[in-house]
C-alpha cells in the first residue's frame, strides 16, 4: 500500500512536470536522483526495495523533467541534460495600465511601484532557487526590460539580452483603450480581437493570434538552440506566455490568468517542449500584487 501511495503521488506531480519539493514525504531521504516512475510503479517489492536502499540520505530536490533524467547535484542545483534547455518564463511586473484594465499591446508602459516590488520579489526568489542561470532574455518593452534588469542584477549581474520577438501582441486600434469599453469605443476592432479565427488580424496593424504564436515560439526555439544544457530566464508578456504554454502543452487545460511576475518553467529538447511548472506567484504574498493580473484579454483577467 505504501508503494502504491508513493507511486500515485509521484505520478500526480509528474503529470504537471513539477519539481518534487525537498520535504515531500519519503523523498527527502532518498539520494538526489531523478526517479523513473514506470520502474517504481511496476517493480515488485524486492526490486523497489533494492532501488530505494541504494539511495543515500539527501536534502536535495528530485526532478522529474526533460525526459525524466535530470540529475540533482549535491548542492541541490539541477544538472541539465546537454540536449535540453530549462527556460524560466516570467511575466513583467504590474503597470498602472494593468491596474486600470487598459490594453497595452506594444505601447511602452513602465512599471508602477507595485510592479517594481513584484520584480524584486521574483528576483530574490530566483537568486535563491535557481542557481545555474546563465542568461536573461527580455522583451525590449520597458515593463519587461526593467523587470529583467532587476532579476539579472540579483542573479550574478548578468547582462539582459533584449529581443523584439518577445514583445506583447500588437493590438492595433485597441491599444490604449479600456478592455471593458472595447465594443463601445471600437466595435470593428473589438470584433476582430474576439474572433474565434486564429488568423484574424486586428485593424490598425494588430497581429493575429497565429502571428503572435509563430513569432514568440520561434524566439524561444532560437534561445534553446543557443543555450543547450543551460538554465535561462525569459521575461515577457501575458499574450506571449499564453502562446508558449499552448506550444508546450497543446492538449493540456487552457492557460489560466497569467499573473504579473508569475514563474513558469518550460523544458526544450529539440522540437520537444514540456511544462514543468506554471503561473507560480508564491513569492508575491507580501507585495500587495494585483489580484486580477490583467493582461489585455478575458483569460488574463
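All residue numbers here begin at 1 and follow the chain in the order shown.
Every residue, even glycine, has its Cβ placed from backbone N, Cα and C.
According to DSSP, residue 143 (substrate binding site) sits within a helical segment. Marked as substrate binding site by TrEMBL: 91, 92, 93, 94, 95, 96, 97, 98, 143.
The active site, tele-phosphohistidine intermediate feature in TrEMBL is assigned to 92. Sequence-distant neighbours of residue 92 (active site, tele-phosphohistidine intermediate) (same chain, 6+ apart, CB under 8 A from its CB) are 111, 115, 119, 139, 141, 143, 144, 146, 147, 235, 236, 237, 260, 261. Under the three-state DSSP scheme, residue 92 (active site, tele-phosphohistidine intermediate) falls in the coil class.
Sequence annotations record features per position, and here TrEMBL assigns active site, proton donor/acceptor to 168. A coil conformation is recorded for residue 168 (active site, proton donor/acceptor) in the three-state DSSP classification, outside any helix or strand.
Positions annotated as region 'Disordered' by TrEMBL: 190-209.
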Run through the Cβ atoms and count how many others sit within 10 Å of the one on residue 143 (substrate binding site).
29
Measure between the Cα atoms of every pair in 91, 92, 93, 94, 95, 96, 97, 98, 143, the residues the record assigns to substrate, and report the largest value in Å, rounded to a whole number.
15
When you scan the chain for residues with a C-beta under 8 Å from the region 'Disordered' (190-209), skipping those not six or more beyond its ends, what do you find?
105, 169-175, 182-183, 215, 243, 297
Measure from the Cα of residue 168 (active site, proton donor/acceptor) to the Cα of every one of the binding-site residues 91, 93, 95, 97, then give the nearest.
91
Cβ atoms other than its own within 10 Å of the Cβ of residue 97 (substrate binding site), all chains, total 20
I want to check the contact list for residue 95 (substrate binding site): same chain, sequence separation of six or more, C-beta distance under 8 angstroms. What comes out?
104, 109, 110, 111, 112, 115, 143
Run through the region 'Disordered' (190-209) and tell me, per DSSP, how many residues are helix, strand and coil.
5 helix, 2 strand, 13 coil
